[in-house]
Amino acid sequence: MQGFISQVLGPVVDVDFNDYLPQINEAIVVNFESEGKKHKLVLEVAAHLGDNRVRTIAMDMTDGLVRGLKAEALGAPISVPVGEKVLGRIFNVTGDLIDEGEEIPFDKKWAIHRDPPAFEDQSTKSEIFETGIKVVDLLAPYAKGGKVGLFGGAGVGKTVIIMELIHNVAFKHSGYSVFAGVGERTREGNDLYNEMKESNVLDKVALCYGQMNEPPGARNRIALTGLTMAEYFRDEMGLDVLMFIDNIFRFSQSGSEMSALLGRIPSAVGYQPTLASEMGKFQERITSTKKGSITSVQAVYVPADDLTDPAPATVFAHLDATTVLNRAIAEKGIYPAVDPLDSTSRMLDPNIIGEEHYKVARGVQSVLQKYKDLQDIIAILGMDELSEEDKLVVERARKIEKFLSQPFFVAEVFTGSPGKYINLEDTIAGFKGILEGKYDHLPENAFYMVGNIDEAIAKAETLREISRGDTCLDNCKVEQKKAN
């Protein structure tokens, strides 16, 4: 099944065959030499041009490629390694190792183009995916097998939340994670790898990188490479897998570039006419089955903060929850800096999460919203001008704000505080107590960076003892001065 290259137009390569026509999405391999080095280039069939000629998209740079070079059709789509051997390693779009580790043979490989699970195999139960992070589980819970949009600028803690989720899935759910860097900066990918190494979560995650400098084919298909690895863990091993995609916008962007290179007429704002169907095909594979689930957290870049842009707007249609990180909250020193009022979830429904959880979550949001509304009055007139009822709202809101923070396992290295995983029942009980006024007598500092409410009570006692000790010390100094 050999052919030869008839045309090279950047990342688009035309290949002619004599008596064979490769199918759409079939892989074609070209082995060639350039500047004294041997190269292996993988192409993917994108269109049939007639007369046994196919138009392909290259998965790597086409520098050094010339007309007339032999090309071999593999008779199948790009296949990538799957199974436990992929954990702790970095792969490119074609499933080759790109880290500094030793080369190992992979006995299992799956094609990256797959159908979503059959309807009868899918699980229709609405279940919460417990993360152990208070603010997420209480106010914007994730659906098992659902899709979460992670919104946040640089430096507000996206990577730390991603690593904490990977840690909690590994150690509390005995599950694995897959990270797909779609159009990532090489430096960011490198930083993430090193941080995971330091945080001891690397052996529970497979990393797939299609970096920013790579052709659009690689940046687009890397999402499918990562998803295929996650599907194996779900379908063959029956696990609940967490899949991270950073950034899902780059998936649409690279698809738009590929579409333009293939000569298709663009749609709105220059995007590919098949944007919605491509996104739908990809997102439909991320689901729960009766065996296991893939829950995905997708970082979403919004170009020029325009939520009506077709790329983010297409993603929103598929999301079950949004986790919004807020710089103003991070500046207060409250981590994770998740915005409790902006973050949403379709799971926040009394029929799914139960009446008690729903009432507590809405109560917390109501108190925080009232506090937000009162902030202008406090800034101009001060706390003394508020009614007694409003003062109580402010006090409880500040305690809630502090209690929404928690120490992370992966941040132990630089905070010195041991990480905490908080069960949903403990989270609900703690916030319910604050709303009911059970802990009005405790200082607000007692609620900062603790796990459950018992730890807040213990911290309040410790603060009281420190305060008593300081008072005693001051009294001793006064007595000493009098004696002198």
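Glycine too: its Cβ is placed from the backbone N, Cα and C atoms.
Per Swiss-Prot, the features are as follows:
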{"type": "BINDING", "residues": "Gly152, Gly153, Ala154, Gly155, Val156, Gly157, Lys158, Thr159", "note": "ATP binding site"}
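When Cβ atoms from all protein chains are considered, those within 10 Å of Gly152 (ATP binding site) total 22, not counting its own. According to DSSP, Thr159 (ATP binding site) is assigned to a helical segment. Highest local Cβ density among the binding-site residues Gly153, Gly155, Gly157 belongs to Gly157, counted as other Cβ atoms within 10 Å over all protein chains shown. Sequence-ordered, the extra residues of this chain that approach the ATP site, with Cβ no more than 8 Å from the Cβ center of Gly152, Gly153, Ala154, Gly155, Val156, Gly157, Lys158, Thr159, are Leu325, Ala330, Ala337. Ala154 (ATP binding site): 7 other CB atoms within 10 A of its CB, across all protein chains.
In sequence order, Leu150, Gly152, Asp246, Ala299, Leu325 make up the list of same-chain residues 6 or more apart from Lys158 (ATP binding site) whose Cβ falls under 8 Å from its Cβ. Sequence-distant neighbours of Val156 (ATP binding site) (same chain, 6+ residues apart, CB-CB distance under 8 A): Leu325, Asn326, Arg327, Ala330, Ala337. Its own atom aside, the Cβ of Thr159 (ATP binding site) has 18 Cβ atoms within 10 angstroms in the protein chains shown. Taken residue by residue with DSSP, Gly152 (ATP binding site) is part of neither helix nor strand, so it is coil.
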